[in-house]
Amino acid sequence: MTSRLLETGSTPFIRNTAAQQLADVQKQHPDELFNLLGRILPYLRSKSWDTRAAAAKAIGLIVANADTFDPNQDDGQEIKKAENDDLDVDIKSEEELLSPMDDSLLQLERLDLPSILKYGKRLLGSAGKEYEYSLAAMDPASRLQHQKKTLTSRLGLAGEYIEEDLINDNDLVSKPVVKEEPSFVASREHSIQGTSQPLASPIEPANGEESGLSKRQLNQLKRKNKQSARMGANKVRVVDLSSRRASENVTTPSVATPYPIKSENGEERNGDSKPDYFSLDRSAGDDESKIVSEFKGASVPENPLLQPESTEEGPNPNWPFELMCDILMVDLFDPNWEIRHGAAMALREVIRIQGAGAGRVQGKSRAENDILNRKWLDDLACRLLCVLMLDRFGDYISDNVVAPIRETVGQTLGALLSQLPSRSVISVYKCLYRIIMQTDLGLERPIWEVCHGGMIGLRYLVAVRKDLLIKDSKLMDGVLEAVMKGLGDYDDDVRAVSAATLVPIAEEFVKTRQSTLGTLMTIVWDCLSNLQDDLSASTGSVMDLLAKLCTFQEVLDAMKANAAVNPESSFGKLVPRLYPFLRHTITSVRSAVLRALMTFLQLEGEGTDEWVDGKTVRLIFQNLLVERNEGVLKQSLQVWSELLNSLETRGSFKSESDLLSHIKPLITLSMGPFGVPRYPVPMDASLFIKPSGLPFPSSAAAPARSSPASNTPEGTKGRRRKSEKKEAPPPSAHNVDGHMLQGDIDLVGADTMLRSKIYAARALGQLLFVWDQNQLPSLWQSILEGLNHSASTSQLASAMIVEEYAKLSGPSGRYASTLCENLRPIIEGERPPWYSDIACYLHVARAQCHSLLNTFRDHAHVPGSRLPVLAVIVQGDPEAGPNAFSLSDAEKVIGPDFERLKKGLTPAQRITALQVLNDTRATAESAVNEARNAREQRDLRVRAAAAGALVALSDIPKKPSHIIKGMMDSIKKEENAELQQRSATAITSLVEYYTTSAKRGPVDKVIGNLVKYCCVDTSETPEFHHNAMLEKSILSLRKEEDRRDHPDAAKFEREAKEARIMRRGAKEALEQLAVKFGSELMAKVPNLASLIERPLKEALAADELPANIRDPENELGQEVVDGLSTLRAILPKFHSGLYPWVVDLLPLVVKALQCNLSVIRYAAAKCFATICSVITVEGMTMLVEKVLPMINDALDVHHRQGAVECIYHLIHVMEDGILPYVIFLVVPVLGRMSDSDNEVRLLATTSFATLVKLVPLEAGIPDPPGLSEELLKGRDRERQFMAQMLDVRKVEEFKIPVAIKAELRPYQQEGVNWLAFLNRYNLHGILCDDMGLGKTLQTICIVASDHHMRAEEFARTQKPEVRKLPSLIVCPPSLSGHWQQELKQYAPFLNCVAYVGPPAERSRLQSALPNADIVVTSYDICRNDNEVLNPINWNYCVLDEGHLIKNPKAKATIAVKRLLSNHRLILSGTPIQNNVLELWSLFDFLMPGFLGTEKVFLDRFAKPIAASRFSKSSSKEQEAGALAIEALHKQVLPFLLRRLKEEVLNDLPPKIIQNYYCDPSELQRKLFEDFTKKEQKALQDKVGSTEKADKEHIFQALQYMRRLCNSPALVVKEGHKQYNEVQQYLAAKHSNIRDVAHAPKLSALRDLLIDCGIGVDSPSEGDLSGASYVSPHRALIFCQMKEMLDIVQSEVFNKLLPSVQFLRLDGSVEATRRQDIVNRFNTDPSYDVLLLTTSVGGLGLNLTGADTVIFVEHDWNPQKDIQAMDRAHRIGQKKVVNVYRLITRGTLEEKILNLQRFKIDVASTVVNQQNAGLGTMDTDQLLDLFNLGETAETAEKPSDAAGNEVDMVDIDGNVKEKGKKGWLDDLGELWDDRQYQEEYNLDSFLATMKG
């Protein structure tokens, strides 16, 4: 499964975790290396980027966990590191060491670049031919051989490459089978020169005959083969390729391929690792294979192809990864870009980690191996260079073109260069230099992709081998020359890479090449000025290079030198070249410009700031007004601040002349209003300037909202080129800002508009402060006018500007008094009647009122004279006068006027018009309310901003109520979070102002209100009085239920939203106070401390709560809850100096947890959890010492509830932080999972389910600091317990204290140890050992032991809790005798009562029940006698075959769950039979609530698992299913113990399962066809129905088909529609309906029995008389129906095999007699056969007397068949057990067997052998969770996908025509360019190289 998650994982986290898990498997099982790599390799070829990346990561991690290969390790020399080698190597000695075979490797010195470019096959996105399909159809070894054979040609090294047709005519002619000559497979040595060798010599037709096929037929066959090859191409094949060493000569067999690949049904053809009992697939013909199960003995697995094969001398001497790299190196040249990409990533990982061992061989000297290593790496370098030259694939998805292949190959080359000696690095560099320069490659014209590839290679060379660059001056010069050429290239993508190449070595280059700096800087600046295109890819890279270079003084000196020679090169001329990019359409470019400008502003030196002027100021400010990206906005403000500093330093503020003309428009723009949705107010575009300084044309302000196509000029669809040097028109610099300029709130959003106003206000505040400090003439006039502007947004902006200015200047500013005078009226006076920017709301209200009056006129026929007249102009309009339409007019119309007019209506008018009038009035009322709300919101904003400004100016009157109200209203109601934060800051400043003044003023009241607002949201802070009566419930559970539908959902949602806003504002203010005052918070604001502390001390000082706490007028209870809630809200922001104060409160919080009121416990639990997450050491210590002991308080349920609720919240609040403490919590929570209180139990099981999943992670976590020695000791004890719980093998040995009359096998002793462990910790579990392993015996041992120990304890202490209690065993009726017999045999000292039989018999036994040791009864009796069994307290309650309570609604299940017992145990060989919901029912008996409620379980587990089974399930659904099954498995793991027979019984002979097919008889076929014709239509109509009758009809039809498979006699009876027709048919044949000729299964059964020697005539001669002849085999024959048993008995035994002696066991046999029949069959060998029904004979019985099992019929439920066959295959069986399944070919029976397979897979994944311990998951099991009918390995469909197209829908929603392609079908996936940013980030790549 884990490797499936590489593909299906929906998030990088899941995929990376899967990769990590696979690496862990390798760490723990080093021998799995090649198997793992082989399984991951196919995912490198996936179409999905993420899958390939995850697979490469997995390979990297696995390879890192493998040992480094160094054959000369013992020589005592280290492998020389590439950096340490010397440049001059002794070449002669090397030549001597070369072996002849090295000629086959490519050599850097001899690489023919011109030939490669001239003749090499270009690598595009995909091949575009059937070539790749044909390759996919080959088996892997042949494919590798073919590709290596053609590689030299494809590289262009053997002249022009001509594509050969893989499917040639000879392939289509059948060839005589002759032994082929050996051919080389996968041999690297022959990869270059192998072109002349054919794969296998074509065989001439015998006697020179023609092939017998015409040309037309040949062409037809060829097309057909290509089609099937194409369909095979999508398969992901697990490269579990059989072990064939590459360099060995291997004979390719001519018939069967020995390479097991994934077959269509997802099963591997060489067998599966886990026993799959029912693997049938009709399409593959009959499954004649035998499945040998539980075969013990050393199996010899085939090695994977990736594993080098051993030689006669021993293990293979070569580098272990050589074969894999061979495959990957061939894939580097695959026509499909995805395959090239995956191969390059994998090679990068392998070479990075294991490259030093490549090419080395055991038995050679260190020197020889070093040369072999270099040769091998050189060869790979040559291949990578070839890819860089030939690759032409580019992706135009993001800002830049990304060439994923060239980038990844560049990284691979980087990884390789770190391993290469200097000499080879120089050779690589020389090749790259030639590729970039393209001067000597014989090209007619430069190829930009080739140059781009070379540049990428150079970039990684420079980054990885900086050491060589510093040493070798020629290398540095060459790199510089190449980069300069690249920067001047006509292609902007080449420029981008060139710029990025220089960034890592900028420092070295600047220090060593000062002479070339001037030239370089000229090129870089020219590069920027040439970027006319708005979408130029290289802009950001060039900008970053520029910013980096300009941080060096040497560069600045060079620029100054340039400027001295050429005035055009001065800073003043150069920097303005960046301005056009400030409003570039690409965010990253805008950000890069600001970074560059920031760098220039921070430069020191003469002339560096001459570009800083009024134009710059204006352009940066324009950024603030129109930028929508918050990150760029912040950068712009930083640049603005730096700009003002720079201007001040230069003295630009000494006179106003330069800047004033630029500043005034900015003030006007900042004050400009903006509108509301649908009614925008545009900015004044004429006040903007272009980068050139010219005014901005107003016509271009907004982009028209047209379709994108209309804006796209012709001819832009191809590659962006700069070759045609036409004069491009200058781009529209503000195109990106059109919507902001238009004020288009619908598209931009009001919050974005407000944010830009806030940033503009902050910038202007800074400017005004500097302006006023320089004593310049006042600019305040226009700003103060804004305070009286008709638009609210202008007033808001003006007030914010004043506030920002005041924050810097304080109360002592020059204009402070003037500002205060202008602000006070806003706070104290009336607001204007309306605002112009929301006049639209009033227009809508007027229109609705007008409509209402018209309704009176038109519908109620009220004369116009009686209707009021509405003014046309509304308040807020420019020409509005005193009589304009106002809000009060609107309220009058919908209020008094409406009532007056309604009163005047006649009854008749009322009847006709009232409904319409009421509806129209409601609409009008809604419009009026909306207008009122808009107006109130604007008033609130302006007042809050003015109040904030007054606080900043410290103009606080003696009665500050107006100011406080302005800010507090904003805290309460402001929807915009940023404005609310500003008000919170102002409140904080106000509180600070009062804390420093003599009088505290209103601080306490303000703090009190903030605390109150913080607690207003009932979802966070519950109401005390509303919940005061709850004592014995846990409020956390109630609050989950409260989230139901409310009667008035809209009103509830509105109120909840208001409460959330209020809490957000108050919390923000309190947090800011905590941050501002730090450790002095409680001293400065003692009221806050008192509001938290006082109620807790008052309420909890005594042992009991105050008696009057529940009185409605008593507020103490609410104050306690509020105090705890407030502490929880602001604690994360507390200064650490306040922690001791909080720790002092902890005992009170613990006391609150013990309180008898649910609501206080709830608040305390949440508060305690937060304290633990912030002050972890003290909090957790208190938890362990004080809270956890409460959880076991048997006497006080409130203590237990408080503790468990606290733990529940702790888990949710601390998340990962709880890991070091998990171990402390598990055992206490575990103990409460069987609590008598339902709510404690529910919360404990929910918490435990979360904790148990964290336990495996806990061990690796270091000890948290500050834990006391005592706690650490305690943790070790708990760890021991957890280890025992998770691994049965670690459980302490349990000495059985009673004399059990049996010798326990080791695994049975382990089982008893586990049961004793559960007993000791009061846990409950399921013993689900395989059938026949002795579950009964293990149970008897623990029950008898526990009874004995309780009796001893009682004798010693007389404690009532250990008094004698009976134990109850509930089992199916046929097993009651079996239990009595086993108890008598193994524990005769126990007094056993069998509570079975008829009611009279049972009533006689009732009095004996309480005194018995063991009571055995059946499920039916449990249901019927519930009132007898319920009152008894049982010690153990054991459910044998416990899966019988799988249906939670069945009466027997409900009855069993009512029984009270100390210990609950389920025995079941098959706990999951059909679906996982059954497991929920079992756990609902064991530990109710552990798996959540049934609904929760369904949603979380059952539905995703079921959904993942369907063939059309998406990869998302498959992942959800895989994750759900994994989570469920981990959660139930500690409570199930399962061992399989093949694991523990070495002495058990194998079980062989065979399918025995028989063809339907003529009569059966006829009846099938008639039934199908007549019933099919009716059945199709009913399949989707939910009607009970329809379901029954379908069920009956299925039953009919099943019966017909067995014998026509079961269906053709009187009343059957074709009864007479069939009778005539039989009469004509002289036959009868029961004749075995018509039921082939019966004749097959007879043949089978005779083959087994059953029913054959006894030998006529010899010592034995016929009577005493015993058959060599004895059989169990299972049928589903009793009727079928009758037919077998009468037609086969009585007529055909009369000598067979048989017994019969079915439902007609009384339960009490069944065990006798079993005993007779086991002990008397003269009985040949036992006939059974699966339902009666399939459970629990021991029938080891038989060694043959025959299924005449099959159950839908696979576990019933498995149970049945294991009646014979169990302990005591000495012979091989043969299981035969009789199947009627081509019928419903095959469908049943296919369905069985899925059910078995689910069951074996949730409950598997791991439940014997949490070991490492079996890799095969991790890999395939669901082996369904299709290839589960891939999200793509298998090769016969065309057959699954029924009902598929195409992209337009129409039903797909079969075989027809959709227009999107061939499109690869689209992805997010973040994948590129993450994958191709140079810094992260270098980090991995170091790591």
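Including glycine, each Cβ sits where the backbone N, Cα and C put it.
Remember, predicted model here, so these are calculated numbers, not experimental data.
Region 'Disordered' is the annotation Swiss-Prot gives to one range among 295-316, 1571-1592, and that range is 295-316. Which of 420-423, 1268-1271, 1440-1443 counts as motif 'DEAH box' depends on Swiss-Prot, and there it is 1440-1443. Of the chain residues outside the ATP site list D1329, D1330, M1331, G1332, L1333, G1334, K1335, T1336, G1469, R1770, I1771 have their Cβ within 8 Å of the site's Cβ mean position. The highest number of surrounding Cβ atoms within 10 Å, among the binding-site residues D1329, D1330, is found at D1329. Taking a C-beta cut-off of under 8 angstroms and a sequence separation of 6 or more, G1332 (ATP binding site) has the following same-chain neighbours: K1541, N1742, D1766, H1769, R1770, I1771, Q1773. In the three-state DSSP scheme, K1335 (ATP binding site) is classed as helix. If you look at the repeat 'HEAT 7' (1219-1257), the same-chain residues 6 or more away from its ends with a CB under 8 A from one of its CBs are 1032-1034, 1036-1037, 1180, 1183-1184, 1188, 1191-1192, 1197, 1200-1201, 1203-1205, 1207-1208, 1210-1211, 1263-1264, 1271, 1274-1275, 1278-1279, 1281-1282, 1286, 1321-1324, 1487-1492, 1527, 1530-1531, 1533-1534, 1814. DSSP gives D1330 (ATP binding site) a coil state; it is part of no helix or strand.
Counting only residues at least six positions away in the same chain, the Cβ atoms of H1378, W1379, E1382, D1440, L1467, G1740 sit under 8 Å from the Cβ of T1336 (ATP binding site).
Sorting each residue of the motif 'DEAH box' (1440-1443) by its DSSP state yields 2 helix, 1 strand, 1 coil. Counted with DSSP, the repeat 'HEAT 4' (957-996) comes out as 33 helix, 0 strand, 7 coil. The local packing around K1335 (ATP binding site), expressed as other Cβ atoms within 10 Å of its Cβ over all shown chains, amounts to 25.
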